[in-house]
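> What follows is a structure written as structure tokens; I'll ask about it next.
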Amino acid sequence: MAKSPETEHPNKVFGWGARDKSGVLSPFHFSRRDNGENDVTVKILFCGVCHTDLHTIKNDWGYSYYPVVPGHEIVGIATKVGKNVTKFKEGDRVGVGVISGSCQSCESCDQDLENYCPQMSFTYNAIGSDGTKNYGGYSENIVVDQRFVLRFPENLPSDSGAPLLCAGITVYSPMKYYGMTEAGKHLGVAGLGGLGHVAVKIGKAFGLKVTVISSSSTKAEEAINHLGADSFLVTTDPQKMKAAIGTMDYIIDTISAVHALYPLLGLLKVNGKLIALGLPEKPLELPMFPLVLGRKMVGGSDVGGMKETQEMLDFCAKHNITADIELIKMDEINTAMERLAKSDVRYRFVIDVANSLSPP
């Protein structure tokens, strides 16, 4: 007989998990492995709430493996380190992001692109290197191989810094890879949510001119006066869209809803790049004419490897970049998920795990 989540490993842990596609989260007792020779045990202080968490607890993508304990934007304190651990010591403040394992021997891993490893393990809703299920950061603690633990910079706040472990690297990695970092160039950010608002801040830190592209004019003042964008373009205004044709060098498309790509491609200059980060539930139509006639590129990107994620954290610390957050208690998570589904958050929920998670 298979062991239950609570008896599978020797160390009892408490968290909140979803049992089925209703997505309702409730108190959940499970267990974690002993701290191994290469492991770091992390007492979780804060955990960001990512849109992926919402998709996963509701099985929107069809691969949820219940019960699910979500959470991959984790900041905490190292409480145990294995004898082979050289990067961390007890008491260090650390982060754990989207991935917690990879094969370490494939071409992607050799290039510090563990996030593209065919055997990559997600921090939750996946099978770990020991053959048992991974549970995420909506919990007391987590045990992770040191290679997938990040040093959290001293001047980066634990709460508002937590979302950088997913949202931050998701926008930083494509900007670096696709060469979207040349000061003075014009970056469009399509969608002003959890990813988009961080993209604005990182773009400005690279010295880019940043325009937020949105269907909602109500976000204009906040985008410019609060987040620091240079301009705001409303996609429902035909005159302004026409005037903006051919003005942008790059566009980061963070929109997760089904939307038209043709208008965005029209905003790009010759040789412009449109990089998609959102994951709409249905395929998008990709028109060929603007690509061919303007020698334009459409690409994608998925988080980043460990080396680049550490680089991103250090960059954000240097430039005082954090996420705009709403701090919540653990027992407020279901309400937060309902609001997240309606895009009713500015711009990321973060759970105060250490001060609000307690067994019933």
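Cβ from N, Cα, C; glycine included.
The annotation Zn(2+) 1 binding site is assigned in Swiss-Prot to C50, H72, E73, C166 on the grounds of similarity to another entry. Annotation source Swiss-Prot lists NADP(+) binding site at T52, T170, 191-196, 214-219, T254, G278, 301-303. Look at Swiss-Prot and you will find C103, C106, C109, C117 tagged as Zn(2+) 2 binding site, backed by similarity to another entry.
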> Note the Cβ centroid of C50, H72, E73, C166, the recorded Zn(2+) 1 site, then list each other residue of that chain whose Cβ lies within 8 Å of it, in sequence.
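Filtered neighbour residues, in order: G48, V49, T52, D53, G71, I74, G97, V98, A162, P163, L165, A167.
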> Of H72, E73, C103, C109, C166, which binding-site residues come within 10 Å of L195 (NADP(+) binding site), going by C-alpha to C-alpha distance?
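The binding-site residues close to L195 (NADP(+) binding site) (Cα within 10 Å), listed in sequence order, are C166.
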> As a test of the contact definition, list every same-chain residue at least 6 positions from C166 (Zn(2+) 1 binding site) whose Cβ is closer than 8 Å to its Cβ.
G48, C50, T52, H72, E73, G97, V98, V303
> Given the binding-site residues C103, C106, C117, find the one whose Cα is closest in space to the Cα of S215 (NADP(+) binding site).
C117
> Given the Zn(2+) 2 site residues C103, C106, C109, C117, which other residues of that chain have a Cβ within 8 Å of the mean position of their Cβ atoms, reported in sequence order?
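Sorted by sequence, the hits are S102, Q104, S105, E107, S108, D110, E114, P118, Q119, M120.
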> For C106 (Zn(2+) 2 binding site), what residues in its own chain, 6 or more apart in sequence, show a Cβ-Cβ distance under 8 Å?
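Same-chain residues close to C106 (Zn(2+) 2 binding site) (Cβ under 8 Å, separated by 6 or more) are C117, P118, Q119.
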> Between G278 (NADP(+) binding site) and C103 (Zn(2+) 2 binding site), find the distance joining the two CA atoms and give it rounded to the nearest Å.
27
> Fill in the CA-CA distance, L192 (NADP(+) binding site) to C109 (Zn(2+) 2 binding site), as an integer in Å.
32
> Counting other CB atoms within 10 A of each CB, which of the binding-site residues T52, S215, T218 comes out lowest?
T218
> Please report the distance from the Cα of T218 (NADP(+) binding site) to the Cα of C109 (Zn(2+) 2 binding site), rounded to the nearest angstrom.
43
> Give me the count of other Cβ atoms within 10 A of the Cβ belonging to L195 (NADP(+) binding site).
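Step by step: centre on the Cβ of L195 (NADP(+) binding site), count other Cβ atoms within 10 Å, giving 28.
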